[in-house]
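Q: Take a look at the following structure, please.
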């Protein structure tokens, strides 16, 4: 190199303009020229990567990266769309070092191990580029495979000379960036270990200066990252640098090794001061932290930016943190964006490769041990499904370059090779399409085994589920999309709920009927509902009620265990082979010879089953619950003189009812059942459905035997439907009974429609439970139940619902006295047809502090139990399920977003809501003591549901995502 070079841009010619702005060097251009040698050597990958990373840091909100432990992991990262790669010293120590041994992160491995891994990564990326280019018509890869690598140089493996040599080795390996930490190399520890010892500030500056010198000598604008471990290090080698003096605890004395002790109280400020000293010598600064805290990051960034406003930072999103413990899901979603806005431009997960490899292999091995080849087939199904996202490793021969070397072979032999490897391989024969044929494919399960599930999750049953979902799930999703559009039109005042003029002829035609009612369903005067746990199934069927509705929906928390154990319990109950022994009292529970008729409520159309995937997409919860039950039990029930009977929840339109009708027909044909064998009752629990009663019955006329007044969800739907319209503000929910005008009109309209069509009109739920410790309160509660059931029987309902076996005798007495026949379908109501105004009239009442607090308390209590796997919860002497929690949170949302006033004149605002949630959370936590609970998570969800801009459709969908993410 000529001595004519005057500045470092002439020495590092590839550096873009402004690259070294603010960078300080304690050496001269002449020093670089003297050390470079007489021949220029190009380091193409390192130079290209450094400039690319520099550009990304200045154009992206932040650059995310994962730690790669192998070359293939890096290939998959780039294929998935990541633009940078991290090389972790911890991962090198654990399983990627040149000694071939396993070490903790204490710089015990050979110093060349990191550069060797960088070489392997770049070679793998090069091969991926070559393979893709070889297959392309223009011989160019579709993407830039050479993602810049930021590599871990630990503490330099020694002094400044070691840092110099290590930087050169990383540049030769093609690294784009390198970071050095300010620990003592001989005592080096992982950033999340104890016993870390800092070196003096001046000594680390020499290390940074040495690494910059090495990059300049190589002519590469390598990104240098200075890491400080001052936040959690409590020891310092020497007090030679006066800049370290304010942070030394001289009173504590020195350690046995002679190290100085550091003050605990000044850790963040020490990081800031060290970062300010390092800033002129580095491109980015990294403060290693002991927990993910936005406040600490902001304090650090603002402290450095006071002196160096343009300095960028790196952030370790460490696997050593328990992320869920520190951050809520909503906080996690915005965590990296907030960091990026503060200047943390390079954000990485150090040990991603190690944990991804360890967990995925353990999970496969565990499942392989239990399921054999079904486990590996499940992995393949996941691979097939990922192909639509760009995944290609399912074709592993092609992935590693077999086709590429076939091209080499053909080139060598002039195109005459007869020994190419990919042609004729099993991969070519079996993996030409992303998935197996439909006849061969079943579906993939992502959850753990449940004891006894082998009799439920049989290959034939899974194939039936696959067929049901393939046939009907796309239509379900379209109908859900239509729901959203209808709601948007109401929100924007483009449409108001009304009767459909196009079906007026159908409504007025008195000549058609619903389905013929089976003998064992003629008398339904008392129906008991509840979840499908084993004890509940036995007690409910033995309760004296005519019908037991086994519930997979509102009174169920849809964990995988609950869904599978529920199916197992119903399978056994259908065969009169169910028993239960209480684990503490040892009391035995068995099924009586005479018991209730069984009906099953699957989940609503809106709920997915995320543990069962087809093409990596969730299946329908409705079809899962319905499909498994009908597949295993339909013929057994028919043989007993009964049949497969269902309750259908959450329908909003006749189109959704028609979907169920088509599912029934398909199922009957598929399972060899006579048309009309499947019977159903539809819950009218949405305001929009009340405008389509006749249309819903007509859609299901071959199967339907009744409608039911789902009162709690109906009130919730009223709030949700008119969520954007202030004039529909409701009073406290306990002021809205079935005698409220819009509720009474709806229930009478249900009776009128049902009896006209020859089917049952079922009354609503009595959620009260016996109050054993207070006879006066119990008598009062039972009096309310009695009055409600008398109203139902007088109006013409053919039966009613209760939630507790203790209410069965009371409800039965009322209907026995007032309905001597099995039903009163012959009782036709002659009242005038309802108008849209009748069905939407706004109830009068007040909003009280007690009602406001009760809504918060009920929703918190319910969500706490729901997240723990229990969907039916006794609260305040009522059996609460999802419906009552939905009313409560929806009212809170409505009141907050429309500035509703309490009767004492206070406006319900965000402050009052958050304050009350916090107070109720604290009260519940104190009361819970050491009992396992999910109250904090429940509070997070409740605050989200109440304060969000747009009301969520169902709280159970968001809460379900949390269950699935936690492996339940």
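Quick reminder: no glycine exception, Cβ is built from N, Cα and C everywhere.
Okay, these came from Swiss-Prot:
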type	residues	note
ACT_SITE	601	active site, proton acceptor
ACT_SITE	881	active site, proton donor
REGION	1-443	region 'Isocitrate lyase'
REGION	444-968	region 'Malate synthase'
Q: Hey, what's the Cβ neighbour count for residue 881 (active site, proton donor) at 10 Å?
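A: I get 26 for this one.
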Q: Return only the integer: C-alpha distance in Å from residue 881 (active site, proton donor) to residue 601 (active site, proton acceptor).
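A: Per the Cα atoms, residue 881 (active site, proton donor) and residue 601 (active site, proton acceptor) stand 14 Å apart.
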Q: Note down the number of other Cβ atoms within 10 Å of the Cβ of residue 601 (active site, proton acceptor), including every protein chain shown.
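A: So the Cβ neighbour count for residue 601 (active site, proton acceptor) comes to 25.
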Q: Secondary structure at residue 881 (active site, proton donor) (DSSP, helix/strand/coil)?
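A: For residue 881 (active site, proton donor) - judged by DSSP and reduced to three states - the answer is coil.
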